[in-house]
Amino acid sequence: MAANGDTLTSQSYIQHHLTNAKACFTDEGLSFNYACSDAGFWTWHIDTLAWSIILGLVFILSFRSVAKKASTGVPGKFQCAVEMIVEFVGKSVKDTYHGDSKLIAPLALTIFMWVFLLNCMDWIPVDWVGTLSSLIAGESWQTIESGQSHVYHKIVPTTDLNMTFGLSFGVFALMIFYGIKIKGVGGFLKELYAHPFNTPWLYWFNLILETIALIAKPVSLALRLFGNLYAAELIFILIATIGLYQLPVHFVWAAFHLLVIPLQAFIFMMLTIVYLSMMSEDH
Amino acid sequence: MNINATLIGESIAFFVFVFFTMKYVWPQLNGAIEARQKQIAEGLAASEQAEKDLELAKKEATKKLKEAKAEAAAIIEQAKKREALILEEAVDKARAESDKVLALGQAELEAERNRAREDLRKQVSILAVAGAEKIIARSIDAKAQADILDQLVEEL
């Protein structure tokens, strides 16, 4: 893994930036990174977990602090901002979801804010946190520069498939829960096989079609978010390899993400509402 | 890019955050927003009502003012008429008074003149008689001519 030549250096540099910090339990107890290559499924991406939970806490604690003091009086600036978001999410839910549920709106708010904050990590220059972690761990500057550091730290949780699939599986579970709760087990299953062709000899075809359609929902939800943010992060890393010119280019790409980051959060939220409203309506 | 246990961790975190938001964040915030919206709506309605009331009061005031003006004008008109009447009366009275005084004065004057004339006549008759007496005393007896003299006096 020695760095011999420019190509290898930038290749390992990129590779390094796209690798999560892993943790797992082996025979020797808690182990990290390379030691986890055999751990298989029971590996934990500690950077993804830590950042997502920290940002989730940032979201709920800041909103909770406003909610605790929420009054009908003249709101402060932060309260105004929070209320704007709440109202925006509430309106989106009201326009799309016509059922009566106390869960959908808070769910949509959580998804929107959480995904937004997770995506925001994309704005932090790619080398800052990783390099800092390596320095704290005692790696030499040269090792870090060549992408050979043994400390991995990927700070954008939504560039980790586990994060996006974690979210979309949560949504998927809620979809099935709502489908069964509102239509009953029979009604839910009937929608799988008796639709769109309501003739017994085509039930097998319907079942294949509808099952794929059902599964495609959480998968597309997760892959869309992951794809957008992974690509964005990859390009940030590529920009970081081009030397001094990265400054203006990085600025342009970061400015473009003023659009992408909230948009992806909004799309994830909106599609969640749409899927859940589809599940709550009888055809 | 491999799927691993992180997935489970994130799913759990997701449900915990959603639950927390549903329990401790959304109801309070949404409640406050809705309560404030209601308050603002009420305030707006109240201000609209107040505006209407003000409009009404203004109209009422204008009406009252017009009425008052009309009344004042009527009173002034009446007063003017009354003034003219009083003036006329006073003039009439004064004129009557002056006429009366004038008539009295004239009557008095007339009486005085008559008296003076009477006196004069008497004096003249006496003088004439005296004169005649003196003339006649030289020529005729006074007693014989007395009836002529009386006649003369009568005629004066």
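Placement of Cβ uses the backbone N, Cα and C atoms for every residue, glycine included.
What TrEMBL records for A:49-67, A:103-124, A:161-180, A:201-223, A:229-247, A:254-278 is transmembrane segment.
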Listed stretch, out of A:49-67, A:201-223, A:229-247, that has the most CB pairs under 8 angstroms to the transmembrane segment (A:161-180): A:201-223
Residue numbers, six or more beyond the limits of the transmembrane segment (A:201-223), whose CB comes under 8 Å of its CB atoms: 161, 164-165, 167-169, 171-172, 175, 191-195, 268, 271-272, 275
Positions whose Cβ lies under 8 angstroms from the transmembrane segment (A:229-247), at least six residues beyond its ends: 10, 13-14, 17-18, 119, 122, 125-127, 156, 158-159, 253-254, 257, 260, 264
Folded-back contacts onto the transmembrane segment (A:49-67), same chain, C-beta under 8 angstroms, at least six residues removed: 78-79, 82-83, 109-110, 113-114, 117-118, 120-121, 155-157, 163
